[in-house]
Amino acid sequence: MLFKQQAWLRQKLLVLGSLAVGSLLYLVARVGSLDRLQPICPIEGRLGGARSQAEFPLRALQFKRGLLHEFRKGNASKDQLRLHDLVQQLPKAIIIGVRKGGTRALLEMLNLHPAVVKASQEIHFFDNDENYGKGIEWYRKKMPFSYPQQITIEKSPAYFITEEVPERIYKMNSSIKLLIIVREPTTRAISDYTQVLEGKERKNKTYYKFEKLAIDPNTCEVNTKYKAVRTSIYTKHLERWLKYFPIEQFHVVDGDRLITEPLPELQLVEKFLNLPPRISQYNLYFNATRGFYCLRFNIIFNKCLAGSKGRIHPEVDPSVITKLRKFFHPFNQKFYQITGRTLNWP
Ligand code: A3P
């Protein structure tokens, strides 16, 4: 009898215990999601119209993820999206470069902001003659659906170094905002080399060492014909852009700092884009396995960048690094002077 009572009591305690743990987990999840939604969701004053200002921003965020996801899966029609006031808008800001500067990380991180919608693919509209020939409507149709009050951002790093691009972008929108993310030029050049090297290795192609490409073996000077070197002479490219756009329309992002301390860099971009500050430390967490910051959209959805971002660079002869740094130094000084942003590059 006593044994039966004890078993019954144990069973009851087990049920009560499970209920308590379940409720606790629910509360933690709820508080977690509220914590997160409060700082990043409201877009005061930006999502006007007849709707309730208080609830629209949250819905905007949900729709932004949900409907677009359905659309990609082919479950939502274009008409349904239009019914929700969703439109395809030309970008109000473009990440024009620099290749290997952290352009993908910047775009993905800005996309954490509820008022920002990213074009996932690099569109290469302005740098590719064939695409450009298809016209601005073709470009607009490549843009994701968004609310009219949201801003669309695309990134195509080839824009920064392609001759024709500034004029073409100017013709589309002379007041567009332009983001340039840069890294210490020698590191960027090695990162550029590493990417090309990986492609060549995959195709079983022969390749040279970085040192052989970056230094002209005849003169022992820096080889300015090597594209990875040329791309890192930021000031030369920027000067071409300045023939079309005033410097106030550019914002320089420190790509090295975006790796180690992304939030302050993103806050500067929010300011430049006149967006209310909505990206918080909650949205960025350091992943020790990846060795990089990853993105937290909510309590359920996190993501790190693909493995192709954050490659291990080959070791480069220190004397070549010193030579390159010396070479880039005067160009860097000019870049700081023009942009008004001093980066502590060697
Ligand atoms: P490495 O592969 O040399 O490390 P891009 O997107 O313009 O191609 O730039 C790639 C670079 O973004 C990577 O270069 C990496 O260092 C940098 N990066 C910045 N933040 C990152 C992040 N959170 N996750 C992964 N890579 C990041």
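Glycine is treated like the rest: Cβ placed from N, Cα and C.
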Original post:
With reference to TrEMBL, which of the candidate residues C220, C294 participates in the disulphide bond with C304?
Top reply: C294
**OP:** Drop a 10 Å sphere on every Cβ of the recorded positions K100, S191, C294, C304, R311 and tell me which sphere holds the fewest other Cβ atoms.
**Re:** R311
**OP:** Specify the secondary structure state of C294 (disulfide bond) as given by DSSP, simplified to three classes.
**Re:** strand
Original post:
Cα distance, C294 (disulfide bond) to H313 (3'-phosphoadenylyl sulfate binding site), nearest Å?
Top reply: 20
Original post:
Could you give the Cα-Cα distance between K100 (3'-phosphoadenylyl sulfate binding site) and C304 (disulfide bond), in whole Å?
Top reply: 17
Original post:
Sequence gap of 6 or more, C-beta under 8 Å: which same-chain residues meet both conditions with respect to G102 (3'-phosphoadenylyl sulfate binding site)?
Top reply: I181, R183, V253, G255, L258, I259
Original post:
3'-phosphoadenylyl sulfate site residues K100, G101, G102, T103, R104, R183, S191, Y293, K309, G310, R311, I312, H313: biggest Cα-Cα distance, Å?
Top reply: 19
Original post:
In angstrom units, rounded to an integer, how far apart are the Cα atoms of R311 (3'-phosphoadenylyl sulfate binding site) and C304 (disulfide bond)?
Top reply: 14
